Amino acid sequence: MAEKEHYERTKPHVNIGTIGHVDHGKTTLTAAITTVLAEDGLAQAEDYSQIDAAPEEKERGITINTAHVEYETKNRHYAHMDAPGHADYIKNMITGAAQMDGAILVVAATDGPMPQTREHILLARQVGVQYIVVFLNKVDLVDDPELIDLVEMEVRDLLSEYDYPGDDVPVIRGSALKALEGDPEQQDVIRKLMETVDEYIPTPERDTDKPFLMPVEDVFTITGRGTVASGRIDRGTVKVGDEVEIVGLTDKIEKSTVTGLEMFHKTLDLGEAGDNVGVLLRGIDRDQVERGQVLAAPGSIQTHKNFKGQVYILNKDEGGRHTPFFSDYRPQFYFHTTDVTGKIELPEGTEMVMPGDNVEFTVELIKPVAIEKGTKFTIREGGKTVGAGQVTEILD
């Protein structure tokens, strides 16, 4: 790890991503952004197939995994996540969307808003993505400019429906494919898009002063060095020599010391809230840490099984349930980076919950999870998202 190039923190760092309906051009836009910025010396061009990297997608052209690319504008350093578009893989968006300070919503002018457009806006709202910039894609394929105006109005209305400022959200029109193919006019549109992202999505106020917390996304072993846990730092900071606890999924809390830190395959002196990092842990075996746990400052977070949550239950049109549910319903609760089954107890006087309802209820999980007031989660059943919410009270 030591001999790697050093990651220099010069420009402010922002996490963004592309969201929107399958085949509307999210990955093409991501490729176009890196290609245009590479011409300006601010990025390495990533082609579509590099971003679209998971092997099982190739046959169907559907993005499954979450791709991270990095690039710079004149003002900022960006980590850009290409969120999966296909409903089957919405689970990955849930882990991914939580990593975004802002999002570029891609809507094909040929189609207008589609079911997943709505689902992604809802999820963005629930996982705390505060700012959305709209890219109306494929405008070269629409002959009538009034149709494009109509699509823009539809998108603005949809954003307003989910408490985004639909009237004020910036909307950029262009063709990602034409920009990727080198059309100078469309390349300028991409530059304009990134200027807009620079201006409209504020540099996030990081939670660097709070105690360190990092949900574990992945675990791997470096031969001769030890076990690395990787993920996005939720809050606080971490550096080599810090003591950390591994919390969640079991009652036992493992203690360790950070012996190495890297970001984008470069060593890092200090990891801060918002950074995607790999943390090398002293004396920890591969089987002592797993996805779904958290690394945390000692004593800062505990595991719990019982909590109250405020939850929005998706309606049928959003891809949710078609029927109500009752007390004793046992779906999956997706916390941080993993699913845990939980039993729902509805409040007194509430006999059932209908799709589209907003409700507070009590949950008992089958495994202890590192949670606290404000921790966000989604509720899933049979591979699809049926609700989203956050912890309002810890009960144990």
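Heads up, the Cβ atoms here are built off N, Cα and C, so glycines get one too.
In the predicted model, the domain 'tr-type G' (11-205) has a mean pLDDT of 84. Sequence annotations record features per position, and here Swiss-Prot assigns domain 'tr-type G' to 11-205.
Annotated region 'G1' per Swiss-Prot: 20-27, in sequence order, evidence recorded as similarity to another entry.
All protein chains considered, the CB of V139 (GTP binding site) has 21 other CB atoms within 10 Å. Under the DSSP three-state reduction, V139 (GTP binding site) is assigned to helix. Positions annotated as GTP binding site by Swiss-Prot: 20-27, 82-86, 137-140.
Summarising the environment of T27 (Mg(2+) binding site), the number of other Cβ atoms within 10 Å of its Cβ, over all protein chains shown, is 27. The Mg(2+) binding site annotation in Swiss-Prot covers T27.
Look at Swiss-Prot and you will find 61-65 tagged as region 'G2', backed by similarity to another entry.
Residues or ranges marked as region 'G3' in Swiss-Prot (evidence: similarity to another entry): 82-85.
Residues or ranges marked as region 'G4' by Swiss-Prot on the basis of similarity to another entry: 137-140. A Cβ distance under 8 Å defines the sequence-distant neighbours of the region 'G4' (137-140), meaning residues of its chain 6+ beyond its ends; these are 24-25, 28-29, 106-110, 148, 173-178.
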Task: Separation of alpha carbons, V139 (GTP binding site) and T27 (Mg(2+) binding site) (Å) - done: 17
- [ ] Have a look around D23 (GTP binding site) and count the other CB atoms within 10 A of its CB, chains all included.
- [x] 17
Open item on the list: Tell me the coarse DSSP state (helix, strand, coil) of D23 (GTP binding site).
Closed with: coil
TODO: Provide the number of Cβ atoms within 10 Å of the Cβ of G20 (GTP binding site), excluding the reference atom itself.
DONE: 28
